[in-house]
Structure formats: structure tokens, C-alpha cells
Amino acid sequence: MAAAISLAFTLFLTPVFLRLFRKWGWGQVIRTPEAIENPNHEAKRGTPTMGGVIFIVGTMVGYFTATFVGGGVPSQSALLVIWLMIGFGAVGFIDDYMKVRSQRSLGLSGWRKIIGQLLVIIPFGIVALNFPNSYDQTAASGSISLFRDIPWLNLFAFAAVVGWALYLLWISVIGVATSNSVNLTDGLDGLAAGAGVIVVGAYSLIAFFQNKQSCVGEGVDSAAIGGCYEVRDPFSLAIIAASFAASLIGFLWWNAPKAKVFMGDVGSMAIGGVITAMAILTRTELLLFVIAGVFVLASGSVILQRAYFKVTRGKRLFLMSPFHHHLEMRGWSEVTIVVRMWIIAGLLAVSAVGLFYVEWLTRVS
């Protein structure tokens, strides 16, 4: 129900938001080098942007409506996902607003963005590791995780102060890296939105499976207890992720090539926030590198480009970074790049979910 409401909200109400965005002057600003090297991007100048606001609102409308109509209350885990979605989105919103107001491509500086993200994720981390439920489960754990917590990578193995410092540093790295990777991927119509649907949808499946194989609650399967998951509120995590993915699908209808609206930094940062929260709360942090591999490809290509440029004193590894712009410079059409990147995102997400399931099988067989 939550997913259906979110989908309907963004699919049918996006045109209403677009009229408001045009009235408020929220038009896309194109950075000059990009416009010169690829004239197709100059044609996108003035397209309504900051569309991430639409699917952020759509997610909350769907989740809260379904929760309250069903007689439930929002779980701590779902609220933590929403906190990162809104918080990271707010950082992106400020960046976008500075750009559209000045009609320049310069918004927040890199360090100011990072500071803003840290101000959001540190409270997230503190709350997530406190306030246990009746089963003594906290939303997050103090261990680095792959398919579940890795015992020998317990960040609190030493003094508590050191453990907290390492834990907050670890989740901050995940949050900043993920949100900025999604931001770098958002360079072609529909690319980040479509990949976001796939990645967040995969996390919804993982959380739903964790709910069916939970170590606590009614109906615990004693035969599969060796593979059960100590994840808090997994069903609620599955619902909020499904609601967000559905909201993105409705938005993608309008964001696919040729886009009628761009998500802006508010959207890409919000996607990064949701992915970060789902990775931490489902205890699959290292699996993030596979499940969200298409976003890693974008940021990785930028890092490689800069490193290669410095090492070779001026030579470039790619014609332009991120990698999808390199493909544009090679003559690939925008639609071809986007669809093939979606395929890569799908293959990586399926591979990650498959590995997750195989690990569970090894524990119960």
C-alpha cells in the first residue's frame, strides 16, 4: 500500500510541482565546460530542477499514510531512513537553491557539503546505536558488516571512546561517499533515478527476507536459526525502501530521456541517504560496493582520472569523467548510455542479492 501511494503521488502530481518550480524559477544551471564539450547539455538549461523534493515528499506521504491507516506506528528504523533522506536532501537543496538563485553552477563548496552531511549522519549514528527494543536490538551495530555483522571487525573491541570514534568515522565515510557517488552519477537523464530504483528495490528485498528469517518474534523457524538475522524492524525497512523505490519510479516517468524535470542535488543526495541508511541498518555495509556498484563506477572513474592526471603530469585516462561522460565523448547516445547503465546496475544488484542468499544457504544447509 505504501509503495502504491508513493508511486501514484509522484506519477500524477509531478506536473503540479513542475508548474510551481517554473513559477519559482527553479531552472537547471549547466556548468560551462560541460556546455562547451557537449552542446547537448546546453539545451537542458532552464529545465525544472530540484525534483528530488517530489519523491522525498512522495515517500513520506506513502509510508506515513499506509502506516497510520493500517493502525501501526512508524518504527525507529524507518524514521532513521527518513532522517537521512531528508537530512542529506536538505544539504542538496541548499546547494541547488544557491545555484538557481545566482544562475551559476557554483553552490556549496565540497567541504561545506561534507560538513552538512556529517551534521546529519552523526546524530543518525548516535540514535541508531542506542534505544534498544524489547529484544535488546539496536537499529545499527558496532561491527562492520558484509551479509551480517563480522565478529572480528567489532569497532568496540577496545575502549568505548575509541569504538564510538571508529563507528562514527565508518558510517560517515559510507554516507559521504555514497551520497556523493550518486550525485556524480546524476549527469544524464534518468540515470541516477533508474539506478536508484534498482538499488533501493534490492535493499527492500533483502530487508523483507531478513524479516522472514528474523531471530526474534513470532514464528521463528528453529530449523533455520543458524542463518537468522539480528536486524531490527526489517519489515519496516522493507516497506520504507519499497515506498522510496516506487516514488522514484513515478518520478522516472518524467525524468527519463528527454527529461521534463531533473532531480537536482536534493534528489541525488536523498537517494544516497536512503542507500546509506539501508546498508547500515540491514547490516550489509560492505555489500554496498556491489549492490550500488553503478554509483561506485561513477565516483571511482573520477578518482582514477584525477590520480592518473597527477601521476602522468597532465594526461587523462578518460576523455571526461565521470565515466558516463566519457562514453558521451566517444559518441554514444544518451539513451544508450542510460539503458546500459541500468542493465549494469541490475546485474550488480541481482549478483549482490544472490550472494546474500547463498551466504544464508551455507548457514542453514
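Backbone N, Cα and C atoms are what each Cβ position is placed from, and that goes for glycine too.
As recorded in TrEMBL, the features of this protein are as follows:
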type     : residues       : note
TRANSMEM : 50-70          : transmembrane segment
TRANSMEM : 77-94          : transmembrane segment
TRANSMEM : 114-131        : transmembrane segment
TRANSMEM : 152-178        : transmembrane segment
BINDING  : Asn183, Asp265 : Mg(2+) binding site
TRANSMEM : 190-209        : transmembrane segment
TRANSMEM : 235-255        : transmembrane segment
TRANSMEM : 261-281        : transmembrane segment
TRANSMEM : 286-309        : transmembrane segment
TRANSMEM : 337-358        : transmembrane segment
Task: the transmembrane segment (190-209) touching the transmembrane segment (152-178) per 3+ Cβ pairs under 8 Å rule - done: no
Task: Residue numbers, six or more beyond the limits of the transmembrane segment (235-255), whose CB comes under 8 Å of its CB atoms - done: 2-12, 14-15, 18, 51, 54-56, 58-59, 62-63, 66-67, 74-75, 77-78, 81-82, 85, 189-190, 193-194, 196-197, 200-201, 203-205, 207-208, 210-211, 261-263, 267, 271, 274, 278, 281-282
Open item on the list: Suppose we draw a 10 Å sphere around the Cβ of Asp265 (Mg(2+) binding site). How many other Cβ atoms does it contain, all chains included?
Closed with: 30
TODO: Among 77-94, 190-209, 261-281, 337-358, point out the range having the most Cβ pairs under 8 angstroms from the transmembrane segment (50-70).
DONE: 261-281
Open item on the list: As a test: from 77-94, 190-209, 337-358, pick the stretch that has the greatest number of Cβ pairs under 8 Å with the transmembrane segment (261-281).
Closed with: 77-94
Task: Remote residues contacting the transmembrane segment (337-358) - C-beta distance under 8 A, at least 6 residues beyond either end - done: 147, 188-191, 194-195, 198-199, 201-202, 205-206, 209, 256-257, 284, 287, 290-294, 297, 324, 327-328
